[in-house]
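Following: one structure in structure tokens, then a few remarks.
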Amino acid sequence: MTEPILRLENLSKSYGALTVTSDVSLDLRPGEVHALIGPNGAGKTTLVGEIAGAVTPDAGRILFAGRDVTQLNVSARARLGLGRVFQISQVVGSFSARDNVRLAALAHRGGSWGLWRPASSDAALTAAADAALDRVGLSARADVAAGVLAHGERRALELAMALAQAPKVLLLDEPMAGTGRAEGARLTELLLSLKGTLPMLLVEHDMATVFALADRITVLIGGAVAITGTPEAVRADPQVRRAYLGEEDAV
Amino acid sequence: MARMSRLRSPGAIALLVTLGFLAALAVAYVQDSTYWMATLARMAALALSAVSLSFLVGQAGLVSFGHAAPVGIGAYAVLIAGEFGVREVMIVLPLAFAAAALFSALTGAIALRTRGVYFIMITLAFAQMAFYVAASLSAFGGDDGMAIAGRSTFLGERILRRDHGLALLAIGLLGVGLFVLGRVTASKFGLVLRAARDNETRVRALGLATYGHRLAALALAGGVAGLSGALLANQAEFVSPSYMNWHVSGQAIVMVALGGAGHLVGGVIGAVAVTLLDEAIGHYTEYWKLGLGLVVVGAALLRGRGLLRRIVGGQHD
Amino acid sequence: MSTVLLVSQLLNGLQLGLVLFLVAAGLTLVFGVMDFINLAHGVQYMLGAYLVAMCVGFTGHFGLGLLLGLIGALVLGIVLEWLVFRHLTRRDHLEQVLGTFGVILVVTEGVRMIFGTAPLAMPMPVALSGSVTLFPGLNYPVWRLVIIAVGLAVAGLLWFLVHRTRLGMLVRAGSTHPGIVSALGVNIDRLFLFVFAFGAMLAGLAGAMAGPLVSVEPTMGDNVLIIAFVVVVIGGIGSIKGAFVGALAVGLVDTLGRAFAVDLLRLVMDRSAAATAGPALSSMLIYVLMALVLGLRPSGLFGPKKA
């Protein structure tokens, strides 16, 4: 039995009378894709915030790579190896795609206090950036400003940035949000190609993507974990069908 | 793309600006126009201050409304060192740099807790404090200010007494300042600084801390502004709290915005434009600020994208 | 330090605070609703003083002159909004600083061209120019009491407008959630014009009220502008309550500092040094106050949590 790389223990968070995270425990094992699903308002966004370090839980612990990171902020968790793809693309719009990935590689490799040599003349940094761009199929667009990339390309760029950080875990917050059918298919393909190389916690609305990628699925309803299990088990669970999948079928 | 390639050669830009100023100085020298030599020295000093503010505003995204403070502190460094008999450039300039950088770092440590408009205003507040502290220094002229003991010497030689000597020093410092700040902008440090300007959330999520970088940028720009103040004090041979008046900070922002904040050299263009406007309109009417104001409002209304952008036509965003 | 001196200085501080509140109220609303940084707000204060002084001189009647002057200030505010400010509202702060700084230069120099640099005499109504005995030993100028009364009345009126009317609700919502207000189908540009012109008139009123106490000159708005910004930032951008609290705090700190700084400094330094350093250091106090507030609460006392 391998030790999980990320483990949430009994997390709780309330805003006034509203409980948004209620005694949530789940873990992410090395190499697995663990999907987190739930209807709107189930508390997924808050939970992502708690994992990333933007929201402090009222109770419970978060263990990452064997360390208690509950009190660490976003930057500190990122330095420990938590890579992140945002629900709404967060890229540096005025930078070229390559400079965006250079920035991410710089964060991983260190040397951000280099005051004199131009960033573009650091061969190792550039090589790392180009490798990550190549991995997501953006090599041809490396010199284009990130702000004018197509939506799907920007999602891919975010993924390249996360990869350039050489993370221990990837936290994917609705990577399919706003993508068209073809773009979505390409992104799913890309994530599939990464599967097994690094553990991913996938928060996603798109059920096709979830069932194509996930090894295990956790369903969040009303801030609490309704069930954690294999895709088959989750699909068969009557409670889930009623609260969540039924809603999807109706659409 | 255009921006990338321009950023790549801060040396070429610095050289070009230096040569331009030197050519103008040569003409003034041949014509024996002390008026134009003095104006060029002043212009280069103001350009140095505007370039350092442009580094903050355009590259680091820190709109400081208190840039007059480090400039004034550099000027007071010359005055106070002079009163203690120290007039050597090789001592006075590093002193002006260090004093202004220290001020910027100390005030910046608090100011950087705020964002946006609050940052604009807190930098103004710190500059006002510096203004009133200067006005309270009765030993150094208080409210009225006082004349400096004499222009600085260079390795013991009094070559700055002549206007072209001082202009040469100012132009040299402007060139070096442009080059150094250009290198820093293009460096890895600058990459983080510029990224944080556009998208702080992303930079944080990458695990990069921005506070230290911004503080260092403030200190560096403050130090360069201090050098500008030391030059201005030498040029006017007089120092007073009015160096730190908030209008001076406003005018520095005008220079940066007028020239275009997208590139450091915009600071040079803005400083030259404002100084020339001052001289040109000032010849015809004592109400020259009215003309300057009209130009400034017009520039802001015409999408205020900066002279540089209009001339070069480069795409910045 | 006698009770009489302390009470009169407290009243002076209150009076200054209320003048600052009149200026800061418009500034903070324009800031909050449109995220617009208006350096030219001090110009409105100066124009108000000039217009009222001119109209009072012209009509020979203070009340009528004040009314005409304020209407003039309102109209000038609308004209400036139409000519310049509405074109700057959706720009970044740098361009707003640039444009409104230009307006300061133009208007200040324009006024200097028309009226000259010499201070203009601001007549005070005879009935209000004396002093009253508040308690034995304290004679206090009636005009300052009038300013206090007007300031408090305007503060009450603003509180009513902002908290009890539909317009006020929109303004409050606009300063925190601008998107929602436009989603409600409200013309945010017209809302801005209204808030802006009203704020300009209040600043003009402040200039007119302060006119008899200070000298009416082209640069009179400069320092008031900076201090009004200090007030807005201390109180928190967009908050009328913050502007009120901030204005009183700044007014009191500044007045008491000036009144007692030299005496306090004499405890630690000799007489002449204290006499020079005192005024300068007391001018600094409000900026120290602001740095302290922002150091502890980066969005001011009543500002939104996220700046």
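Each residue, glycine too, has its Cβ placed from N, Cα and C.
The transmembrane segment feature in TrEMBL is assigned to C:12-31, C:43-60, C:66-85, C:97-122, C:142-162, C:191-214, C:226-253, C:274-296.
Same-chain residues lying 6 or more positions outside the transmembrane segment (C:226-253) and placing a CB less than 8 Å from one of its CB atoms are 10, 13-21, 23-25, 27-29, 31-33, 41-42, 155, 158-159, 162, 175-176, 285-287, 289-290, 293-294, 299-304, 307. In this chain, the transmembrane segment (C:12-31) touches the transmembrane segment (C:142-162); three or more CB pairs sit within less than 8 A of each other, excluding pairs fewer than 6 residues apart. Within its own chain, the transmembrane segment (C:12-31) is flanked in space by residues 37-38, 41-42, 44-45, 144, 147-148, 150-152, 154-155, 158, 171, 175, 192, 195-196, 198-203, 205-206, 209-210, 224-225, 227-229, 231-232, 235, 237-240, 242-244, 246-256, 259, which lie at least six positions past its ends and keep a Cβ under 8 Å from the stretch. Below 8 angstroms of C-beta separation, residues 36, 38, 40, 44, 47-48, 51-56, 59, 99-100, 103, 192-193, 196-201, 203-205, 208 of the same chain, each at least six residues beyond the ends of the transmembrane segment (C:66-85), sit close to that stretch. Take the transmembrane segment (C:191-214) and the stretches C:43-60, C:97-122, C:274-296: counting Cβ pairs under 8 Å, C:43-60 has the most. Through the fold, the transmembrane segment (C:97-122) approaches residues 37-40, 42-43, 46-47, 49-50, 52-53, 56, 80, 84-85, 87-88, 91, 208, 211-212, 215-219, 221-222 of its own chain, all at least 6 residues removed from its boundaries and within a Cβ separation under 8 Å. Here the transmembrane segment (C:43-60) has long-range neighbours at 23, 26, 66, 68-70, 72-73, 76-77, 103-104, 107-108, 111, 115, 120-123, 199-201, 203-208, 210-211, 216, 218-221, 224-225, meaning same-chain residues at least 6 beyond its ends whose C-beta is under 8 angstroms from one of its own.
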